[in-house]
């Protein structure tokens, strides 16, 4: 078409579609949910897909993603809400601060975010934990940026690299990776990466941009928990990490027991992300609810409140899944896969690059993960011996790069930390880029020994 080969046309079509998606979201302020649907429809029509297949492909992608991630998001959000309102998140922060001391308080904030952020989306984790940044800064006298950047790094690293976060879980489903191995490798990569991008970079940049919180905002959100009867550190940690433990146990059972063994069959069910998070939520109803004196009405109200803010996130994720499926069904993914094989590009590097481009284009780490995985997955069949778990991590690392003005997280950080756009680029955007690049380096190093 237009004097081009079919493959070249498909690549150009995909490029034009993604540019159009950027323009719709950034220039015309179209909601990402609507913009993704329009982009998916445009790609389907212009790529030559049969009309009846266009809607079906989008529907399959939308439903396939939400049938899994929608449940994960709801359960994780409920768990996070109970943890925050019971004072569990505050207990983790207080305990780590006592353990690390004032001089190393920024390290404790990274670990607190790392632990608390496991069941939460970045934006939700940010809203739940930002009061702790203000409280700790006030108590310790340490710079807001020196404390805040490590917390943001911990949340972002978990968001992009560690299941049961929805982003990595989506990529696990697309690539057919093992969840237990991905958790293990994700932790190996995420901890040192967050340490470099968080406490180390935060200590450096805070010398030049210390951060001055809005007095009005501090007064509004930096209050102590309503109850001083906080759950213990051990109980909080056990509750939050229960789903991770169950998923790791499933992987152990898959390795240690043969197919058809009763224990393995049970662990396959119990260690499934949905089952694991459901069990953790049921435990949290007691540890973060009834044991703290909350009655059934209050718990029900908290759970209802937790679901309302996730509606937009769920719809955007679903539309991202539909767009991803359109890229696959139109043949764009196969074209890129064959190009990667012919150019002899490392699949890990390709996964990182594709996710990075989509992240910069759309501003959404989750959309970048979904779409990037869908584009790169054909490479698995073309290049034998590819480590699927590292592809998941590479896609997640790429999805974190260069957060800028088309990312809601950029404005969230700017407003809460009372920074100018320039300061936000020098702190938040730089931190996200360090996370992405350093994460890739660790993934490539890990690939040498796996």
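Note: Cβ is positioned from N, Cα and C throughout, glycine not excepted.
The structure displayed is predicted, hence computed values, not measured ones.
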For this session: Using Swiss-Prot as the reference, determine which range in 95-115, 116-136 is annotated transmembrane segment.
Result: 116-136
Seminar exercise, completed: Which range is transmembrane segment per Swiss-Prot? Of 212-232, 338-358, it is 338-358
For this session: If Swiss-Prot is the reference, give me the range from 291-311, 312-332 marked as transmembrane segment.
Result: 312-332
Problem set entry | Residues of the parent chain within Cβ reach of the transmembrane segment (233-253), under 8 Å, 6 or more residues beyond its termini | 79, 83, 88-89, 91-92, 95, 115-116, 118-119, 163-164, 178-181, 183-184, 261, 263-264, 267-268, 270-273, 275-277, 279-280, 283-284, 287-288
For this session: Quickly jot the same-chain residues contacting the transmembrane segment (60-80) by Cβ under 8 Å, restricted to those at least six beyond its ends, or write none.
Result: 40, 116, 119-121, 124-125, 128, 164, 166, 169-170, 173, 239-240, 273-274, 277-278, 280-281, 284, 303, 306-307, 309-310, 313-314, 317-326, 328, 370
Seminar exercise, completed: Of the listed stretches 183-203, 312-332, 366-386, the one with the highest count of C-beta pairs below 8 angstroms to the transmembrane segment (142-162) is 183-203
Seminar exercise, completed: Of the listed stretches 6-26, 183-203, 312-332, the one with the highest count of C-beta pairs below 8 angstroms to the transmembrane segment (430-450) is 183-203
